[in-house]
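Quick one: structure below, then a few questions.
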Amino acid sequence: MPRGSEAGYCCLSRDSNMPDSRDDQQQGASLGTSQDNSQTSSLIDGQTLSKESPSHGLELSAPEKARAASLDGAEEALWTTRADGRVRLRLEPFCTQRPYTVHQMFYEALDKYGNLSALGFKRKDKWERISYYQYYLIARKVAKGFLKLGLERAHSVAILGFNSPEWFFSAVGTVFAGGIVTGIYTTSSPEACQYISHDCRANVIVVDTQKQLEKILKIWKDLPHLKAVVIYQEPPPKKMANVYTMEELIELGQEVPEEALDAIIDTQQPNQCCVLVYTSGTTGNPKGVMLSQDNITWTARYGSQAGDIQPAEVQQEVVVSYLPLSHIAAQIYDLWTGIQWGAQVCFADPDALKGTLVNTLREVEPTSHMGVPRVWEKIMERIQEVAAQSGFIRRKMLLWAMSVTLEQNLTCPSNDLKPFTSRLADYLVLARVRQALGFAKCQKNFYGAAPMTAETQRFFLGLNIRLYAGYGLSESTGPHFMSSPYNYRLYSSGRVVPGCRVKLVNQDADGIGEICLWGRTIFMGYLNMEDKTCEAIDSEGWLHTGDMGRLDADGFLYITGRLKELIITAGGENVPPVPIEEAVKMELPIISSAMLIGDQRKFLSMLLTLKCTLDPETSEPTDSLTEQAVEFCQRVGSKASTVSEIVGQRDEAVYQAIHEGIQRVNANAAARPYHIQKWAILQRDFSISGGELGPTMKLKRLTVLEKYKDIIDSFYQEQKQ
């Protein structure tokens, strides 16, 4: 949409000599400004919101009402690399859902859920909530503010901050204004922020704290498209041109007529880009995954239905938002699915992954919850530590209850009529454990983004907590396969979402092949990367995932590894690393991380880390072993309580026990080339700050290979002589 007088308003230009908007006296009543905006934006002040009229901007415009399922001027191509491009949607005869936009999805939600609580946030130790009407109105105000700052069509608003209502307002407002939502991980370096912000042509960057603002100020000179920065959690340290608080953004947006925003909304089509998700990029720069409005609205509806997420008419889902919204799984689950079904989304503290998450879970009591495998593993380790410190009787009761329940869930997983002993175990012990975790009302617990060990899945089954897997990529808008209470098989990633398709190519004798996907979930293309897009999407429009898997007779998918992770030894043997790594961790409960090595080598070797406690302030691995690891040491005759004692002094008892455990794994291997012949224990567990784990705690294998190159080379030195 053209900017300037034709639209009935003018844009603010990026001008360092421009008077700062804070020089004008703010009108507290109209903005709802609070004195405590160092803690949270006054946009979510309860008293201010209660005065808002929900009538403004809620009438669906004629163009939106008249928009048919067929798209005007739909392009022939199934992919594009242009931010302003359009694609042909993968419409199927057996999936008749008409394509619709994010605004249409929100508008339809208002009709059903307008008065329900949409977002919950903590303020001064008290939970406050806003309704879907209020949510929608604020998003419109933010959209008008972005337009006033000069947001151009098919340019981005980048968001650099922890999960919060303002993150949601900014994301939805961006789409309403015709922009593209681009999340940036809070852990990103200034250089990473610069690359993403430049690549997506960010006109506006939204940050939460002064720390994140400093990153942007360092790189602003290298961002030719950037016109303004908006900060919401903390005030700027001083007055700066083109840096605004969220309240000032809202005030600026008042100059933009509602009709101007409606005109932009009316022109939006489902096959246009509205979200960019940047992959972590283990090699080279991250790729910008372009997602269309149809990708978002279709997945929010059907991907969640496959996971048995309920519409609020049946039961309002309550979820806790804490995983990075820059990741597609969290963004789809928390933000877009929430709007689709009228869920109540409650925001955890920024330090949730450092130990406070369980406090939020207890207070909110979610009905469904999602965590990456590492989060579930940390919960498991915490339960094991508490159990180890409990009295003899309580510990034995827990072990008995978990043993009885696990056996029941393994032998009769779908039997609702539990034996008396199972019901007694749940009543006396397990229900209390779930309540202590905040899962008393949680009916669906999901995981994704990385493989989960069999040990972790069996542990939670013993607590009567089924972990439902989903499988997909950023390139498939998240879930393409889903598990649910009615669609579950242990160790599988579920079945294909209705309306989507899957095929396995280049299958081996065991039926394992590369997983290829088709459907409304498939992305538009990689921004500005035609070669990479053509590598991912073939001539028939199938997405080649690079993941290996097999399908059973009932259509359940089992992931066996990644093509790029597949180890091809010097002898030509193809070795998937994940099953061997999981076997080692299952055999040796002292092991935290295991990474198999051997690509183009004569034999396999392995790097190991030990289970250690995390610093409560930084979430960094410490030198102290967990209670479970200490118990392991005691069982094998060691008095060690720290990693340095074991590695630095080469504790004979522990090293011998690990050697014997690996020998047991080797004994169960399919053939000798699958044997682990050498291994080493590292002095520090893998972590995000150490570079071995990505933002969702997925193992970054290439980084590990480079970081520990000297140790790895030492395994094979004898072979070179």
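Heads up, the Cβ atoms here are built off N, Cα and C, so glycines get one too.
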From the set Ser53, Ser484, which residue is assigned the annotation phosphoserine by Swiss-Prot?
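According to Swiss-Prot, the phosphoserine annotation belongs to Ser53.
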Among Ser13, Ser70, Ser422, Ser493, find the residue to which Swiss-Prot assigns the annotation phosphoserine.
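Ser70, according to Swiss-Prot.
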Looking at Tyr9, Tyr471, Tyr655, which one is marked phosphotyrosine in Swiss-Prot?
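That would be Tyr655, per the phosphotyrosine annotation in Swiss-Prot.
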Given a separation of at least six residues and a C-beta threshold under 8 Å, show me what packs close to Tyr655 (phosphotyrosine) in the same chain.
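In sequence order, Ile646, Ile681 meet the Cβ cut-off.
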Relative to the Cβ of Gly472 (ATP binding site), which residues of the same chain, six or more apart in sequence, are found under 8 Å away?
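Sequence-distant Cβ neighbours: Gly303, Ile328, Ala329, Gly448, Gly478, Pro479, His480, Phe481, Leu517, Thr521.
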Could you tally the C-beta atoms, other than its own, that fall within 10 angstroms of the C-beta of Thr279 (ATP binding site)?
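There are 17 of them.
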What's the number of neighbouring CB atoms sitting within 10 A of the CB on Asn285 (ATP binding site)?
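13, counting other Cβ atoms within 10 Å of Asn285 (ATP binding site).
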Let me check the 10 A CB neighbour count of Asp547 (ATP binding site). How many other CB atoms are there?
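Cβ-Cβ neighbours of Asp547 (ATP binding site) within 10 Å number 20.
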Tally every other Cβ atom lying within 10 Å of the Cβ atom of Ala469 (ATP binding site).
26
